[in-house]
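*Asks:* Pasting a structure here, questions to come.
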Amino acid sequence: MTENKTKVKDLAAELGVTTKELGQVLKDMNISAKTSTSVIAQEDLPRIKERVQAQRDGGARKEGNPDVIVRRRHRDGDRASARAEAKAPEQEATAAMPETSAPERAEEADKPAVAKPAKAPETEAHARARKEPQAEPVKARIIRRPDEPAPVAKVVEAAPAETPAPEAPAVKATVTAEAAPAKTVEPESERPQADKPATARVVRPATPDASAVPDGTSSAPTLPVRSAEPSDTVERADADADGDDDDAQQRRRKKKRRQPEAVVPQVRVISRPDPAAVAQQQMQQQAAQQQREAGGYRPGGQRPEGGYRPEGQREGGYRPEGQREGGYRPGGAPRPEGGYRPGGPRPEGGYRPGAPRPEGGYRPAGGPRPEGQREGGYRPGAPRPEGGYRPAGGAPRPEGQREGGYRPAGGPPRPGGAPRPGGFGGAPGGMPVPGADGRGDQSKKKRQKGRRTVDFQADGPRGRSDDDVMRGPRGRGKRGKKDVRPAATQPLKAVKRKIKVDEAIRVADMAHQMGLKANEIIKVLFGLGVMATINQSLDIDTATVVAGEFGYEVEKVGFSEDDYLVPKEEDAPETLVTRPPVVTIMGHVDHGKTSLLDAIRKSNVTAGEAGGITQHIGAYHVTTKKGEIVFLDTPGHEAFTAMRARGAQITDLVVLVVAADDGVMEQTREAVNHSKAAGVPIMVAVNKMDKEGANPDRVIRELSELGLVAEDWGGDTIFAKVSAKTREGLDELLELIAIQAEILELKANPDKAARGHVVEAKLDKGRGPLATVLVQEGTLRQGDAFVCGVFAGRVRAMFDDQGRKVKEAGPSTPVEVQGFDGVVEAGEEFVSVADDKVARRIAESRAVKQRERELAKESKVTLETFLSRRADAAEALTLNLVLKADVQGTLEAISEAVRKLSTEKVKINIIHGGAGAITESDILLASASDAIIIGFNVRPTSKVKDIAEQENVDIRFYDIIYKLVDEIKSAMAGMLAPVQREVYLGQAEVRETFSVPKIGVIAGCHVADGKVTRNAGVRLLRDGVVVYTGKITSLKRFKDDVRDVQKGYECGMGLENFNDIKVGDVIEAFEMVEEAATL
């Protein structure tokens, strides 16, 4: 309260009236007060107090509508006097507030009781209507306007008059104000016990049941008021409109009221209900509760007491959901159950004078309320804040959801969980209206945070059908109350719990398909030990494991090259024809492999090889008397291990060449292992039988230790003794090869698409990338599209091993193919496909996979690798190289040999390697990376040489692999810093000491061993312990300075910065010598 102003609620408390009553008084006096917190001027207070007092005394009530008449009927004449005394206050209350709800009239009826405690029985009957126990169903008496037509009233039979009402225990009743139809107590006993004051005991029903709740329990603002006939005798209504006395007894219920704190009126219990009727009523309540929990919509036939309300009775139209957000129902008390509603539309709100009221204020009687008028507002005048002051002194209504609206006094909810239309309560179907508890929007945001939202209309009993949607705005009548579910928040689920994955899938894409947050997938990956980010790709195996964690399956939908490359069916036996055998010649270097092949081919391949050793793998087609044979010649040098392994993989038979005078060597053992790993049969050719020191028995013995036992020794390995020089035993060798091939039954289908392997590949300056391909099945023709490794192309030309151009190549035919996009890797599979598009797509798919593998191999610095480094590891030197070779297989061999040279002191780093001539880009790359260019069987052009000189790039050329390896070793050693080593010179014994001014102590010495030089380092030893290490400052023999003193001579010696020289000390001379470091 301010200095000269008073709030409405404070004045109401002071006068002992409700804010609603005070608000009506203020409006009648034309004093503006919209809410309970509005202030009143000090000068208006006296007039207001007089007006309120006048209304209390009954004068103010006569100013209201005189058309509403309150009549009571008693069956026995003993109550005639009580009815006469109570009639005046009733008429006054209804005259002043013609359509006031029951709690308001009850409150006004309380006021005379405050002034006059000894009230007549009728006035006490009003108090009993507020305070009788809820478990005692007593029906209210209904008033109406005489000018409105009276609908058919449902009759409620009273208890037999002969039954006296038992006395109720004295219990204090709580009165809470709530707008409800008028309700007065019907006396059910002929002997009212006026002399025994008692307070009604509030009894909550065991189970609030919808079936037992009259429809009158809907909040007053939206329910139309029924009128009774204007006669002196008003029949009581029956809940089911069938006149059943028992049902009427069961459906009558009393409501608890909150007593004004100022007065505790005493009431008198007229009658108690029949216990059997109460038990039946509770059973009906439980049945209705189960029906409501089942979610069923309340059919029209289940409408409890109160009767059917035609749709035309409720003016104002259907109020959409959300108009009453957060608002409390003024009056606070539970509405009385089961009373008749006086005829005519009952508007929402508090006092309704005849004059129209503005929006948000008091509504004109019976007038329609515009939609949105009551949103969260305070009824009596203007919008009030949520949880604002509730008239009649009620306690704040607890928050929470309630089915069909929250009922503070323990009253049962509406049947079926439906809300009171327009009243404060839940949304249809028992869902809370957004913002109804003041927290709706905020809590919804919290629930929806971080989740996908799917809006859907639920079908079924509570859902809204398509017809409802097409119908548009719904009416306000009984059939207009359709349940509309709000937007439900739930994770978006895939229609089919499958995700489609190509070869790999990003974490973000996977999360999108599964309807999850990427963080959830990353959590699972962390649990699997995979450190992933949202943009990281997962292979199909990892994706399958992760999807399984969430109950999803993985479906591979990407491009699969197997559909085009893998044969769909086996070759029929009738389509197979005999093919020539593929024979690989293997053995140690210089054991005569190529010479043997030359003798068979009657050619001279060896003469053209650098250093007389084979450094390429060659494929040759030879026609012999025994048939056609394809030979593969492999290098024997240790650097060509991969090349030998590749030859063993694509061959049918291995001929192991061993020199008779040299025996089994290292590469011989390696060749045996490669052949066994490939599962290829081995035939041994003991070469160089023409030499004097030839010992074939030694070879047979050594090979038997490797598991190759000769047939003469009881084994199954074929041995042939040959001489490439004299051609001895060659025919026998070819015959044995033919027999072995016949045993193997080598066949192939020449009518299918060609398939083979690349034996060797190179880059020719004029013809571009070339590859030697050994066709293993099918027929390769000029113009065919093919895919090989990460490259695709079309066969432009083919050449045989003699350099002749051919149009087609059948099974077991080696050809040189022109038409590649790049230099392929030796050993790659060569496959002919239908067209160029398929070939390019397969090549692109392989290129992507190869790039992913290379990126995955890149080593990243981790804590383990960082700590595992040695302290001096950072000082290790690196030799950068750019390798260029004539063919791909040789490049592979050189790269492997050079990598093996790396040591802890010097690392070899191959910046780039390729087949073909040295180009300008190679020079620029070497200049940028400070590298040396190694050329093997390649030469640069004059222009490339000029650029190399300008960029100061060193280019080295080699044609023999072991020379290349030796020079790289020397270069690595030259990068190391020289090592200093101490060299002992001699010793001298101190025999005398001399002290020379300004010079110091001079030692007179005798050279006992070696010599002492002027620039040498010295150590002074005393009793075998080093006392001083330093240099000689002066060395003299007699008075002459000398450079050195030999053994047996005497000399004078001065030491640098040291004078503590004693007789008997030994001076040892030494010098430091630098030596080249080794790897």
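Cβ from N, Cα, C; glycine included.
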*Asks:* In Swiss-Prot, one of 633-636, 749-752, 857-860 is tagged region 'G3'. Which stretch would that be?
*Replies:* 633-636
*Asks:* Which range, 687-690, 807-810, 979-982, does Swiss-Prot list as region 'G4'?
*Replies:* 687-690
*Asks:* From the ranges 587-594, 667-674, 939-946, pick the one that Swiss-Prot records as region 'G1'.
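*Replies:* The range carrying the region 'G1' annotation in Swiss-Prot is 587-594.
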*Asks:* In Swiss-Prot, which of the ranges 612-616, 727-731, 812-816 has the region 'G2' annotation?
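*Replies:* Checked against Swiss-Prot: region 'G2' maps to 612-616.
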*Asks:* Which numbers of helix, strand and coil residues does DSSP report for the region 'G1' (587-594)?
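*Replies:* DSSP classes over the region 'G1' (587-594) add up to 2 helix, 1 strand, 5 coil.
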*Asks:* With DSSP helix as H/G/I and strand as E/B, how many residues of the compositional bias 'Low complexity' (276-291) fall in helix, strand and coil?
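*Replies:* Split into helix, strand and coil, the compositional bias 'Low complexity' (276-291) gives 16 helix, 0 strand, 0 coil.
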*Asks:* If you run through the region 'G4' (687-690) with DSSP, how many residues end up as helix, strand and coil?
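*Replies:* With helix first, then strand, then coil, the region 'G4' (687-690) has 0 helix, 1 strand, 3 coil.
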*Asks:* When DSSP is mapped onto helix/strand/coil, what comes out for T634 (GTP binding site)?
*Replies:* coil
